[in-house]
Amino acid sequence: MILSDSFHEEEENEAPVKAKRTKPDAGEEEEVVYHPVKLSRNDLYRPPTAEELNQLKEAESLFHCSLLKMQMGELLKEVALSERRKQQIDSFIQTVTKLLQTVPDSPEVEVSDLSWLSGTVKVPFLLLPKITKGKFHMAPPASIDLIGSYPLGTCTKPHVMVDLAVTIPADVLHPKDVVNQRYPRKRALYLAGLAQYLTSSSDIGTMRYSCLHGNRLRPVLLLTPPDKNSSSFTVRVHACPPPGFFKPSRFHPQRNNIRTEWYTGLQTSYSGKIPPTPHYNSSVLGDLLPRTHLQFLSAISSQCSAFADGVALLKVWLRQRELNQGTGCFNGFLASMLMAYLLTTHRISNTMTAYQLLRNSLNFLASTDLTVNGISLARDADSTAPTLAEFHSAFQVVFVDPSGHLNMCADMTACTYMQLQHEASVSMQFWDNPTVDGFHSLLMTPKPMIRTSDHVFQYLVKLQSSCKKLNLLSELMDHSGNYVHTALPFILSLLQRGLDQRIQLLTHSLSPDPEWSVESEAPKYKAQPPLSFGLLFRPELAASVLERGPPADSPKAAEFRQLWGLRSELRRFQDGAITEAVLWDGESMCQKRLVPKQIITHLLQLYHSFNPCFALQVPSTGEEKSLAVVQSYDDLSRKLWRLEGLPLSITAVQGAHPALRYTQVFPPKPLKMDYSFFDKEKTCRSLVPKEGKPCPAYITPITVICHMEGSGKWPHDRLAIRHIRAAFHIQLGELLRKHHKYTCRPCPTHLDVWKDGLAFRIQVAYHREPQVLRESVNPEGLLVVRDNEEAQALEMATIHKPLLTSTLHGLQQQHPCFGAVCRLAKRWLGAQLFTPLLRFNHVGFLRFLHLLSSFDWKNNPLVVNLNNQLTAADYTEIKNGFMASRESLPVMFIATPKDKKLSMWTRRAPNVQMLQRVMMVAAESLKVLEQQLMDGNQIQDVKVVMRPPLEVYDAVIHLNPKQVPLLSQAVDPPSVTFSRGVMTGSAAQSGGSLPVIDYNPVSLYLAELREAFGDLALFFCDPYGGTVIAVLWKPKAFSPVPFKTSQVSARSVKVTGDEANTVPNVEAILEDFQIMGKGLVKSVEARTEKWSF
């Protein structure tokens, strides 16, 4: 759970009492000071009592570990109200109650006459139509009662809302006020009268209007105290009719209480049944029952000691999923009622703990479909109460209250409940998995729509036209003119039918509760934020371009043609069947992934005449390029296996390049060289760029590790092994040239092969070479085995990288979006100049940013359970080892099944300062990106999070774009392009002259800078087409050091008295930057004067 800054500010006065005494304020008691309890040695080592043993046994049987029990306890303390806060609330409630009891009477007027109100206070109601019958006058409340979660003991932080029910006197209302919005309007007028009276009181802070769960028929008055605690809680004033004033039978879901003649202003003659108004009826009925509901919940709560804590945990779970607020939400009241239902039906026991109550509640939600089989708390309902079948005919989700007359889920859509059910099901899987930290994942991690949906789009147009086109007058009357919630079920049903098996889940945003000043008119429906829809796909079906329908002679064929309109056509298939079908556009994987977008756009244009706004659209995702590289590699691998004539046989051929695991940001593409751009070097048939030409295109060498069998023929000397490997490179090149006509260039360390327009770099490996590198003979003639960087680098290149490649290749086959999302994450790291610091980050982009910015790297290892190879015991071992050796481990510790103790991928970088910087930028990028993607009115420019701030750097080296070979990959590539010796539109072939491979002057220059000035500065550059190198001076390097002739490089001498010290000569260093990069560096810009200190 992410708690806001304001929440922490609220709790400043609620911290544990310090040992230091403070002078008490006048009228207050002196605070109690707590001191540590001193225990004797016998008390410290006393055997555990029976109660303590029972608690330990309970923790072992109910929780995965005792830590989870402690975490639950701390969370409950965090969200519970402190005694100080309760005193503040009680005091303010008494003040408000006294004020409300003195509300003056006013003369009786027509309901439509607002002249009795002052000009400043407005009525919190949309008066459409403007005229309705009835009389109204102000009078003091008949009674004032606390209702809701506060008196029940289930009120939680951070948003503390205290509900106060103000009973409207019976003489203000009329038994027939349920018709034509008379009661809701009188209710709103009564609230306006209360607000007008309270404006003159200095005991009230701010006053605002809102709506209960977004229902415009149920406005409420929000009051805050006037002092510094104004943001710590809010009192929500409800105006309610006297208990039993209206007959519940008047609100049967099949009865009508809104007359069409009144709503439209037209005389209409009905030939059939008057349309029912179930949603309007449930809104009015909801005001009759809050006291009854409180009595019912209080009785249940008194029987179960953990009831309040169980509800609190469930409310936290709902809040993290944004399901607890807005129209049609599953709010805290429903959470309490659900737990009460489970207790009354004996699905849970009164003796269960809060954790058990939460688990059983989630299990019930995951396994029970209230859209099909509704549930009821009514035990002895009267004969006029509707049946569950009647509720199901009027509402999508059914959960009936103890009276038997009210469906508490009347405003909830089936899609919202399905989302709730899906989240509960996923949560149960997390709880049951001992290798997952269920507490942090389920109760501490926010899950907004943008981070839980595969596609997100928004409805940006007015929905009045949709209501008119679909002829939804009856439904519009039932929702009192709220065309958004009128059209929403029909839009959801249409999308569900169109997407069908492609989606696992369809969700939509819940319209937030509007808030406005008491001096402002009620906001119109068009002021609501646009609806957002989220889609969770079934990967195996989502990208299908064919929608195959029923046979042509089937009765369902007409329904299929009606759904799809002109896109539906008869097609004959290879199996001989002739069926209706819809064929969508899509050749590349990127286009196929956007087939759901085509479906949604077509349906909404056909039925609602508008285009949706989709988030995060990209022109290409590069899967085809990666696939071409993998296919060419597979072909080369087979040919290497079949080679004959080698002294030793090949035991393994493994790829070790990111393109072979689908994670290369820009996969290599086959090239055909333009020979007019180059001069041919005859000796080794190589292409050398002509003088004055731009830097040629960068050709990525695709690394392939070729393991040779072990044999006694291998020498035990490191130099001899290298010579043998070089000989293998020569022989492999000759055999490939002889049998397959490939252009090859052997080198001591590798063999470059030009195949299909791609460059493969084959490296022969001997499995014992790392061990040989670790061995040395000391002066005494003894064999010493000592680890060293050379052996670690060789192991990384020949063992760990190939293993990582094969593992992630398999992960890509299992999750098709893995590669694309991983490449996006790596592109962000490169654009923000972090690439030298972090490598191989393979998580979804938005979740990646959230993980990077919020994970507690200092106190926890990040465990990546590849292929589910780690067991619960392994997790314990990793965590224990991490805590025991934290001081010597990398600041960013990532454990995998093959690397439980060292975190080899993050051993060298980042350091503490850089990790903090990365976390800060990731948090800001996540905030900006989520806000942009969820706001359709903003320009959809995802690149905004890819542009790094250069103000924090001390110097910037500007590069000549002409000599940057990857310039086209830049975040903002220039409009001017350079010819780089590559022919476009031609198929690449094997053979021919070998171009320059792995030549990138930017990376070579960067390596020279780090080697020459790495002790003075840090250098950062975007490896994907960056045209600037950012320089950050190291503060410690500028401290004066005593003069030594061996340490005068890039330093100037300063003599002070008898002492001669040296300091870095920054002007000379900047000049050296220019000289070292002659031809590549355009200019060097000094941005700060940090060296002056």
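Backbone N, Cα and C atoms are what each Cβ position is placed from, and that goes for glycine too.
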### Query
Of the ranges 1-31, 249-279, which one does TrEMBL list as region 'Disordered'?
1-31
### Summary
Taken over the domain 'Nrap protein' (618-813), the predicted model's pLDDT averages 87
### Task
Work out, from DSSP, the number of helix, strand and coil residues along the domain 'Nrap protein' (306-445).
72 helix, 5 strand, 63 coil
### Task
Examine the domain 'Nrap protein' (842-948) against the domain 'Nrap protein' (306-445) and state whether at least 3 Cβ pairs sit under 8 A, considering only residue pairs 6 or more apart.
yes
### Query
Quick one: DSSP breakdown of the domain 'Nrap protein' (950-1084) into helix, strand and coil?
37 helix, 37 strand, 61 coil
### Query
Going through 162-302, 306-445, 618-813 one by one, which has the most CB pairs that fall under 8 Å from the domain 'Nrap protein' (451-606)?
162-302
